[in-house]
């Protein structure tokens, strides 16, 4: 394992190099670009949950087939997302961002215009792969480029755009659903579920085109022993941010040497830039080395802790809001299984002419999605003053207590509505703070691999829930409340990283 033998005078760590680039036009463009990625990904993620009832009107499917399609997405998130995130440690952040967006585009487009079940399942696996990889790598790029005083707030800002993408996707589907149903089967129709589903993919491919304008992570370049290229990138960011000449950047490549530990991973030289068997071998070899390093005493505890916390929050905001929406609409009659938990409307196996849009379902979900933005904004406000671990603890503890109370509150809609809103705010706060922590806890050399690995257990758990869960809402609240409280206890073991340099 390598050490850092050299420390240039006047520069204690890589954060000093980023501070000299300042905060300006390029930094704001990068935040805007990554926010657009989260917006596009949220719309693509929502599409299957929204349009599955209409898909079953055109393609005959059994309940097992529908659940297997969702399982394909979750498995893509777990294993495909892990591999693609890990690959970013080898080939760079920028390339994987573009590639993951193309995965989302291909997955959404293939799902919308194919008629074969296995093709849909394969497309959904690709979609899940692209979604998780893009979520991970865009956050990594942002945190490795921005100065320390803008880093955490910008990461949480992305979550706001993810919620906005969710809201827009639901609003579009709610507005177009009556037209889609009325003109279903017509030879001349301007709107169909296929066009709406494919539209989410086109947003991703447009964003992929814009990714050509972003610059590679200078931290990654130093890790790859290419300090001259890192200085070129930093001087370009400096010039754009401060409207000065790039030659005015005060550091040289000598100042960056030894600032990013490589842990003995990048020992190969002259990696082919084109697809070849040697390039694939090097990628697999480095991913294997990264996984071995994550299993050492230095990182094993952190990986296990983050995996436990991700498992405790395995529902994520979408599935939590769906669960709370169902209990508000159906009260004590709420029964959760994969079919009604994952969709706004239960998929139908008959002609869609009698398909009814449940207004209350969309209304309550949109309210909860809007309220979740409040949780993200609160995290932005407090993240500079309160350590991340305490934000995670308070959010998990509060949402756990409130979910437990839903098991005993009775059938009062007002009480369920208020408790659900506050629970979503608490969960959103914890989720945003945890996302920042998990990126900051691991070094540049294995940051992509670590983020992908800690997500595996979470998505595998969601896969099992989607496939096998059949339980009354009041009991599922007890189970997940217990999970959140256990997560709150484990969160106290997280390190304090407020205003600290990234671990490199």
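For all residues, glycine too, the Cβ spot is worked out from N, Cα and C.
Curation plays no part in TrEMBL annotations; they are all automatic predictions.
TrEMBL annotations:
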- 30-499: domain 'Major facilitator superfamily (MFS) profile' (DOMAIN)
- 29-54: transmembrane segment (TRANSMEM)
- 66-84: transmembrane segment (TRANSMEM)
- 96-125: transmembrane segment (TRANSMEM)
- 131-149: transmembrane segment (TRANSMEM)
- 161-181: transmembrane segment (TRANSMEM)
- 193-215: transmembrane segment (TRANSMEM)
- 299-322: transmembrane segment (TRANSMEM)
- 365-383: transmembrane segment (TRANSMEM)
- 390-411: transmembrane segment (TRANSMEM)
- 417-437: transmembrane segment (TRANSMEM)
- 475-494: transmembrane segment (TRANSMEM)
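Taking Cβ pairs closer than 8 Å, the transmembrane segment (96-125) reaches residues 37, 40-41, 44, 47-48, 59, 61, 65, 68-70, 72-73, 75-76, 80, 84-85, 87-88, 131, 133-134, 137-138, 141, 193-198, 200-202, 204-205, 207-208, 211-212, 214, 448 in its own chain, all 6 or more past its ends. When Cβ-Cβ distances below 8 Å are used as the criterion, the transmembrane segment (299-322) is approached by residues 45-46, 49, 163, 166, 293, 341-342, 365, 368-369, 372, 392, 396, 423-424, 427-428, 430-431, 434, 437-438, 441-442, 446, 450, 453-459, 461-462, 465, 480, 483-484, 486-487, 490-491, 493-494 of the same chain, each at least six residues removed from its ends. Within the chain, the transmembrane segment (161-181) has long-range Cβ neighbours (under 8 A, six or more residues past its boundaries) at 35-36, 38-43, 45-47, 50-51, 54, 191-193, 196, 200, 317-318, 344, 352-353, 355, 357, 362, 365-366, 369-370, 372-373, 376, 428. Across the domain 'Major facilitator superfamily (MFS) profile' (30-499), the prediction's mean pLDDT works out to 87.
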